């Protein structure tokens, strides 16, 4: 009986998963570098890079922080995933998986805690907005962010227009020499659809009027309440976005771990 030769297929690294992970992460890397570059450029324009103490001088949130932090995290993750997949480097791939997994669990924990301690979150959001109201004129990026939020959610202040008493330019004290005294920023104003030119002085002296009179000129609802209402109205969309991000993260972790297993299997046959 003639002898039969058995041929065993040697394990190999899956090219499809490898180059998909590489392509996905190179896009991630480029976007991260772009975010980081925008953040650093903005800081350079504001003189922060030449005076690091300016980072702590601002009473509210500097929106540029968001670009720098998000850009930095995306760049690190993109680099690890991209080079790890291309060079079949198990250390970088494991780093990518662990880092991405850590971010996933932090997001999950944040979501659970936000649901359980929603009253505390509401109080913190109120405090956060009021701190930024105080620093409204201190930074142009912060000013633009607050104006955008108040216009988008048709609100004024954290709980209402009187929160602008916290700002030295808008407070109603007799010692305030500002022309904006007892007023609110233009972003609080109820816009006239027929108005072609934005009236930036529409909020002047408006808080000297009675509350019922104010409603014809400015939005009297607070941004905390309006933000909560927006979340409830768009719950399906918001939940869909977060679920999509979570699934993408899980897919990236599984893809990286599968690639690590393939690389180890190939090395075991050397």
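Positions of Cβ are set from backbone N, Cα and C atoms, glycine also.
Considering the side of the membrane named for each residue in Swiss-Prot, residue 41 and residue 154 coincide. Within the set 64-84, 127-147, the record from Swiss-Prot flags 64-84 under the feature transmembrane segment. Cβ crowding, taken as the number of other Cβ atoms within 10 Å, peaks at 156 among the disulfide-bonded residues 156, 182, 189. Restricting the disulfide-bonded residues 155, 156, 172 to those with a CA within 10 Å of the CA of residue 189 (disulfide bond) leaves 155, 156, listed by sequence position.
Under 8 Å, Cβ to Cβ, and six or more positions away along its own chain, residue 172 (disulfide bond) finds 165, 181, 182, 207, 208.
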